[in-house]
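Here's the structure, in structure tokens; my notes come after.
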């Protein structure tokens, strides 16, 4: 056998890592959470395809870049400061600085604010993937008109000043948790939060220059379906991973994550058929997302039958708010508010209706004789709506004072791909974008008659 000699520094490092490992780890739990973390991370590129297909071709890259950029900017913000603000300390409103720059976040299963059978470091990064997708969701309301530098600054600040505090209140032992508000995997923390931020951002920026003047249609519906499929796949990590273990609870959450959107698809399709006589692919993809959002806060709190009921009920408010938005003149470009804001509110309230202690071992809802739970859930919804809306508004105004928020009419006309990135999604063949050369390059200087170079 070859004798391997390691550098002294690496030997010390490996020795330290081995020492840090704790025998109380559960291998199955750790393996599942490794997979779940990857699944949730996949949701952000999936969102890029979902949103990217819904916009016009001249804005496809910019739309997708908004999601992909969150993988960098929000992840770094989470590691440096967001995690410690959201999930540390005994305070009711904000965490302390014990984990700043990931200090005290190691491979042991000790030190986190919850009891773990997995490495603390793994739990930290699993939670970070939630922060990433939440910030990326907001982009759907401002695509085709928000300047890219402004978006980067906004989502970075938003992840620290809006996402982290609400995560603390609900998941970090904060005041909403103390009141008895329950959110298994992010109905309030992720979906209400992003949905309200989205509608505020849409109102602050104002409409696209072509909004209401001409039809603005998806340029690539297969992308939308692909994105919806990958989101559903990733959502298994989102919901079942929130059990933090390979357990029966994870199995219940995964089952409900299949059943609820299935019921939403059926009801949404029937509404479409009754209203228009046809079912659209974009409508079906939207129904999948709405069903997933609705079941998220209740994924491991309700029996599978009630997951079907929640998915079916959840189709109605989101569907009709989407219709109202289309007629209202508000340019929430990709209907983030209808899908995530309204879907999250519906799910949070219905969690208080259909939860059963016989299923979850924690609390009962209305159907099990605890009507007060509905009021507690509604109060948590109200707090999230007010805080997210107010601080999002302030942050947008702050960012707007630093750098312009909205693209000019000329930049919108050329397309955000070219104006913000100098690239095009399609340069030849079917679906090509034709851009006048003077919008990209300086006009060529004419040669003098009869002259030479």
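Each position is counted from 1, following the chain as shown.
Cβ atoms are placed via backbone N, Cα and C, with glycine included.
The signal peptide annotation in TrEMBL covers 1-20. Among the features that TrEMBL reports, transmembrane segment is placed at 30-52, 64-86, 121-143, 150-172, 184-205, 217-238, 244-267, 279-299, 305-324, 336-355, 375-396. Annotation comment: TrEMBL describes 31-426 as domain 'Ammonium transporter AmtB-like'.
Contact between the transmembrane segment (336-355) and the transmembrane segment (150-172) is not supported: fewer than 3 Cβ pairs lie under 8 Å, counting only residues 6 or more apart in sequence.
Sequence-remote contacts of a segment are chain residues at least 6 beyond its ends whose Cβ falls under 8 Å from one of its Cβ atoms, and for the transmembrane segment (217-238) they are 35-43, 45-57, 60, 130, 133, 185-186, 254, 257, 261, 281-282, 284-285, 288-289, 292, 296, 431. Highlighted: of the candidate stretches 30-52, 150-172, 244-267, 279-299, 305-324, 150-172 has the greatest count of Cβ pairs under 8 Å to the transmembrane segment (375-396). Ranking 30-52, 150-172, 184-205, 244-267, 279-299 by CB pairs under 8 A with the transmembrane segment (305-324) puts 244-267 at the top. Recorded stretches compared: 30-52, 150-172, 244-267, 279-299; the one with the most Cβ pairs under 8 Å to the transmembrane segment (184-205) is 279-299. Only residues 6 or more beyond the boundaries of the transmembrane segment (279-299), in the same chain, are considered here, and those with a CB under 8 A from a CB of the stretch are 50, 54, 182-188, 190-191, 218, 221, 224-225, 227-228, 231-232, 235, 238-240, 242, 252-253, 256-257, 259-265, 267-269, 272-273, 306-307, 310-311, 313-315, 318-319, 322, 335, 338-340, 343-344, 346-348, 350-351, 354-355. Here the transmembrane segment (30-52) has Cβ contacts under 8 Å with residues 60-61, 63-68, 70-71, 117-119, 122-123, 125-126, 129-130, 132-133, 136-137, 139-140, 143, 220, 223-224, 226-231, 233-238, 240-241, 244-246, 250, 285, 289, 334 of the same chain, all six or more residues outside its ends.
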